[in-house]
Amino acid sequence: MQDALPTRGGGLDTEAVAALREQYGWNEIPRQKALSPFVVLARQFRGFLILILGLAAAIAFLLDERIDALAILVVLVLNAVLGFVQEWRAETALEALRAMLTPVAVVVRDGVERKIAAREIVPGDLVIVSAGEAIPADMRLQAGTELRTDESALTGESLPVPKTVGGEGAASRLFAGTTLVAGRATGIVTETGLQTDFGKVAALTGAVGEKQTELQKRLGQLAKEIGLASLVVAALVVAVGWYGGRPIFEMVMTGLSLTVAMVPEGLPAVVTITLALGASAMARRQALTRRLQAVETLGAASVICTDKTGTLTENAMRVTRLWTPDSAYDVTGEGYSTDGFIERDGIRVDAESDPILGALLRTALTCTNASLRRDGETWAMIGDPTEGALVAVARKGRACEVAPADRIAEVAFSSERKRMSVLAREGDGYRLHVKGAPEVVLDRSTAYLGQDGIESLDPSARQRIADAYARMAAQGLRVLALAARPADEGDVREHDLVFLGLAGMIDPPRPEVKSAIALARSAGIRVMMITGDGRLTAAAIAEQVGLGRPEVVEGGDLDALSDEQLSDLLRNDVLFARTRPEHKLRIVETLQAQGLIVAMTGDGVNDAPALKTADIGIAMGVRGTEVSRSAADLILLDDNFSTIVNAIAEGRRQFDNVRKFVRYLLCSNAGEVMAILANLFLGGPVIFLATQILWMNLITDGATAVALGLEKAEPEQMRSPPRRRGEPILGRTGMALVLCFGVYTSAASLWIFYSLLPLGTDLARTAAFTGMLVFEKVSVFAFRSLQKPVTSIGWLSNPVLIAAFTASLLLQVAAVYWPPLQTLLKTVPLSIDEWLTIGAFALPLVVVPEVVKGFTARRLDGAPA
Ligand code: ATP
């Protein structure tokens, strides 16, 4: 049973909604660009490599080498199928992420405010939209003052458009696809879904994954450069060979094989897949990525600027203390429940028995947009938690209610104003109720309500109020001041107020935040609190969550600082209180100028510029505005700070894994290229056929590389500092590795080839080909961890890799013994002796890296911290 407290206006009832839904359908615009498997499949057949392969097939066909032509085509198709499976997985993962961004809306139905999915809205619904939220359907305005919308998405108009109740034409209408940037509007829905103006002209597009990330671009570029270089090398080889009297077909094929061997064709695809799967892994940990770039940048984050309310704290507010110039009160009760009491010196009091308290509570109850509703055993709150807490305490004290119709006007809350006012009709006159940050309200007050009625607010009275505020804030309470004054019709000037008192509410730190901050710090990431709340409250909460006692700088002080001064300040441990959104932008820019990679949280409309500028803009899934969400790269589904740290850990894992498979793929390619080139100088027959190289690179390498992308996090990952901006993926160590592996595997396969050559070219070639493939496969274990030996991370800890490894080896067995593949790849069966030789050469590839890593890992562990 729902015990509804009265709200403004009745709205539709359930039956009417059902009937209207039947008639008008859902409020949604079908995605026009639904993902088609054919498109994804077609994508597999474009690109540089495909062109080369197509060319190779054509040449083979023209020279009447039908089997070669067929083999290349088979490899092409198989490669496309594998690519398709992987890309489809990545795409569906991204699609699932897009679907998690379902918009919600607040409607009044059956007389109660409810939060519902925006698609459930029907024409006739009474909808309430707050600043920063998207307008869910076309509506006619019913109530709201000082309203402005951003209609740029619909009309291209970049300036905010004012809206007024009863205005002419579009001035009194709100449109789907636009956002409310100021005020709080109530409207009746006139059109939904495809009937809205937006539905008629525009199609919704998901933002995820449409832009290439830096890493994708860099690796795409790398692949292209290597590709071009390989063409030049191949052309030279063909020319030299031909000049030396070798058959032209053989040389062309060798040239093409060389190209195929050199181009790290798997790279861009594997990066995309790894990032996309990384994005789903993050979403499982409550961090939704809006751009793949975020997955990559997150791993490099060096400072997190976070707000306090709701991110470090639970945002479940409860008023525990009240203070008026006359008395101090304690409040009992739990959550948003109205079952509790207000006590003065241990004696229960209420609005009736204590008129000063009564005035305070009436303002608390009137100056709000929150509503409470009993939902079974618990109480549900719709609206801002700060306001919900005030409504709850007002009801505990049985404050006198203002009828919804008597609420005449509202000047909305914003982080800049730090206050909110409501004009209400009272008896024959009007009264303006104001609440907000204590210093802001006190600045606008000239009197206070005391035992003897309204008294002048002299300096000593101001001091008493300031002291009471400081006492409450020092305990970590969030403190709001309340004030009111008699007013005329339409008079909402927030001046000459009568100060009524203070409400102190607890907002406990989230329990997991302390360890998350400690983890971030051990990973060399700075954590900086930037809050709109007051100095003392912020400092108290900072201490509670383990941020220590940083220097507190207020927004006002920040304005007075020059850029250099701010930059110096930011090198120390600081926290910012009473900030306005524009301060965040300045802080981000200054930190970035110091070369730091900044993650910044934000929830309000005006946080959007800071979120866009930050390297990783982070918005809140629960309490954030639509505007902030669309400016962000990452959305926290649970608004929780520790989710940011988890996402950073995930980002670091992804980057490490990209590094692992880049090294692995290049090592594999290097071996093949070195073997082909060396063989050319040795003057023997071709060591690998074009089709065999294709087989090695396209069929079996991709799977193992993708599996490397799934490696678990390195244990040291969150104990080392963030990587530098633009740090190379391969680096010097990587290059050295590529060289070592390349020299060894090429030398080993050449040895096998030449030692078996007297027994027949086909046998020697099959053994060299199989040898190279086995070397590549077993060396994957060396790349599973950048530092740790496999013995310490567990041989079987990456099941996908084991599966890919086994499947590749089985495929190779088939390539050697299964007649159709024998024909295609021109192989002959190998005897046990040849397999043993291959095994013997493969062994060092597993053992040596283990020994080296075992040695260095011990040295690292033993090193002083
Ligand atoms: P954070 O920036 O960490 O989220 P915050 O919620 O305190 O903290 P703002 O939302 O910018 O930051 O609010 C600034 C101040 O405005 C608050 O500290 C409080 O004093 C006051 N305030 C907050 N909500 C309301 C409200 N609904 N009505 C009036 N004043 C409010």
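Any Cβ shown, glycine's included, is placed from N, Cα and C.
Nobody curates TrEMBL annotations by hand; they come from automatic prediction.
These figures come from a predicted structure and were not determined experimentally.
Feature annotations, reproduced from TrEMBL:
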DOMAIN    4-65  domain 'Cation-transporting P-type ATPase N-terminal'
TRANSMEM  45-63  transmembrane segment
TRANSMEM  69-85  transmembrane segment
TRANSMEM  226-245  transmembrane segment
TRANSMEM  265-283  transmembrane segment
TRANSMEM  661-681  transmembrane segment
TRANSMEM  687-708  transmembrane segment
TRANSMEM  729-754  transmembrane segment
TRANSMEM  766-783  transmembrane segment
TRANSMEM  795-815  transmembrane segment
TRANSMEM  835-852  transmembrane segment
**Study point:** Maximum Cβ pairs under 8 Å to the transmembrane segment (729-754) - stretch from the list 661-681, 795-815, 835-852
**Key:** 661-681
Check your understanding: Any contact between the transmembrane segment (766-783) and the transmembrane segment (226-245), i.e. 3 or more CB pairs below 8 Å with pairs at least 6 residues apart?
Key -> no
Check your understanding: Residues of the same chain, at least six outside the transmembrane segment (661-681), with any C-beta under 8 angstroms of its C-beta?
Key -> 219, 237, 240-241, 254, 257-258, 261-264, 266-267, 270, 274, 687-688, 693, 696-697, 701, 704-706, 708-709, 729-730, 734, 737-739, 741-746, 749-750, 753, 768, 772, 775-776, 779-780, 783
Review point. Counting only residues 6+ away from its ends, which parts of the chain sit with a Cβ under 8 Å from the transmembrane segment (69-85)?
Key: 37, 40-41, 44-45, 50, 53-54, 56-58, 60-61, 269, 690-691, 694-695, 698-699, 702-703, 824-825
Exercise for review: Residue list, the transmembrane segment (226-245) vs rest of chain: Cβ under 8 Å, 6 or more residues beyond ends.
Suggested key: 48-49, 251-252, 254-256, 258-259, 261-264, 677, 680
Check your understanding: When you scan the chain for residues with a C-beta under 8 Å from the transmembrane segment (835-852), skipping those not six or more beyond its ends, what do you find?
Key -> 741, 744-745, 748, 751-752, 767, 770-771, 774-775, 778-779, 781-782, 789-791
